[in-house]
Amino acid sequence: MAEAATEIPPTASNVTVFTFEEQATSSLALYGMSILCIIIGSIRSAQYIRTNIDKKRLIEGSITMREARKFPISASLVLFGLYLFFKPAAERFLWVARVFQILRVPEEYVQKINSTIISYTANTTTTGPSEPFLLRLASRIPQERVPEAIQNAATYAYTNLPTIQKAECMQLLTFLICFEGVNAFASLLKPFVTAFLKKMPLVPSFLRFNAPYLFSLKKGNKEMEEGDIEDAKKKETEYLFKIDFDRYDIIALLMCSPILISHLLKRHWITNNIIGVSFSILGIERLHLASFKAGSLLLVGLFFYDIFWVFGTDVMTSVAKGIDAPILLQFPQDIYRNGIMEASKHSMLGLGDIVIPGIFIALLRRFDYRVVQTTAESKAPQGSLKGRYYFVVTVVAYMAGLFITMAVMHHFKAAQPALLYLVPCCLFVPLLLAVIRGELSALWNYDESRHVDNEENRKKVDSGKKNN
């Protein structure tokens, strides 16, 4: 997920000037929601990981050192791809040409690029509908080089199939993001649905039984007769896709579906925040950092990533404004003037500024509770180990970093790379505490990699099941 920088509307002569009370209210609301997400998500993360370990399940979706090294690069590619997607064609090509000039590409190649841009975007400034770029590109291919069958198929597709433009792609992307967010909210709501259906009277008996379901796509690793794959050994098959759910998941999702419909129709800030908070809590719970070293590397990499894309370019803010989906938290600054339903001038905080520090703080929560113990800790007498409070201290550090971010944002009235302030607070404070307590080695070497879902660990689990 590309993260959006925290921002407020720029100052301009025709822009409403908000009072200190209005700005403070919106900032405190975002401040409270972000901290709530981190605390709840971290608590749920410790429970989730401990449950998986107790049931001898390997943890999927872990971020190890390998993933941490690649994450800033892959995130940059996704972010830049979205940026190019939102840019008009002419601006997109001119931007590429400027990059070539910065990279000191020979002038003759730059001139060829410019001539190509002028040729292919010549009609994009007219008032009438512009001809699709791919059609203009295809028209430049000599017809004698294209087989007649391909020409006929292309002509039929162009005249009969609906045209998929940027707007349609944006609608699909928005729907997918909103659906996943509502699904996350349903997961948070499920315990309450379960308690209601199990304990309340007059509930039909078929609803009291929580039937589990498994939807999967399995591939064989060798040739088999039809029907043999179902009974094949585990090592002879692999899952291409697998999702397990139960009846209460479906009921919770149906109960949350009005939020999805409402947000798709109205894009209100309340439904946006319901989806965004759910995304953040479940993301912190399920995105698993495998070790403190991996978490440190991830934070340092995204520290420079955030600075570059916010301060160095307009990419981050352009993508944040271009995606009309709940990828950030919002709270209106004009809520006192226009009311809850009509307020429309928002302060914003990107979900990445919550989830990225949040998964690191969740790791510290698991370190405090010794979810994974060393050999010495496992042999120590009950109650002899001293308590840890890295989680609480780092939450306070995050609060301080976020406060600094918002203060700088309001002072300069411009978008700020929040991780510039959050990463030093969340990384150096627990390290300093570990030095003071003499636990630097234990913290730095804290590792949950043996519970990560990979080939080596799967073999160990399978051999353990055979021995039992």
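Placement of Cβ uses the backbone N, Cα and C atoms for every residue, glycine included.
Topology check against Swiss-Prot: H288 and D447 fall in the same compartment relative to the membrane. The transmembrane segment (344-364) makes no contact with the transmembrane segment (71-91): fewer than 3 of their CB pairs lie within 8 A, with pairs spaced 6 or more apart in sequence. Per-stretch counts of Cβ pairs under 8 Å to the transmembrane segment (297-317) identify 416-436 as the leading one among 71-91, 169-189, 268-284, 416-436. Here the transmembrane segment (169-189) touches the transmembrane segment (268-284). Their Cβ atoms form 3 or more pairs under 8 Å, with each pair 6 or more residues apart. Reported as a whole number, the C-alpha separation between D353 (active site) and D306 (active site) equals 10 Å. When secondary structure is read from DSSP and collapsed to three states, D306 (active site) falls in the helix class. Using a Cβ-Cβ cut-off under 8 Å and counting only residues 6 or more beyond its ends in the same chain, the transmembrane segment (248-265) has close neighbours at 174-175, 178-179, 182-183, 185-187, 189-190, 193-194, 197, 207, 210, 271-272, 274-275, 326.
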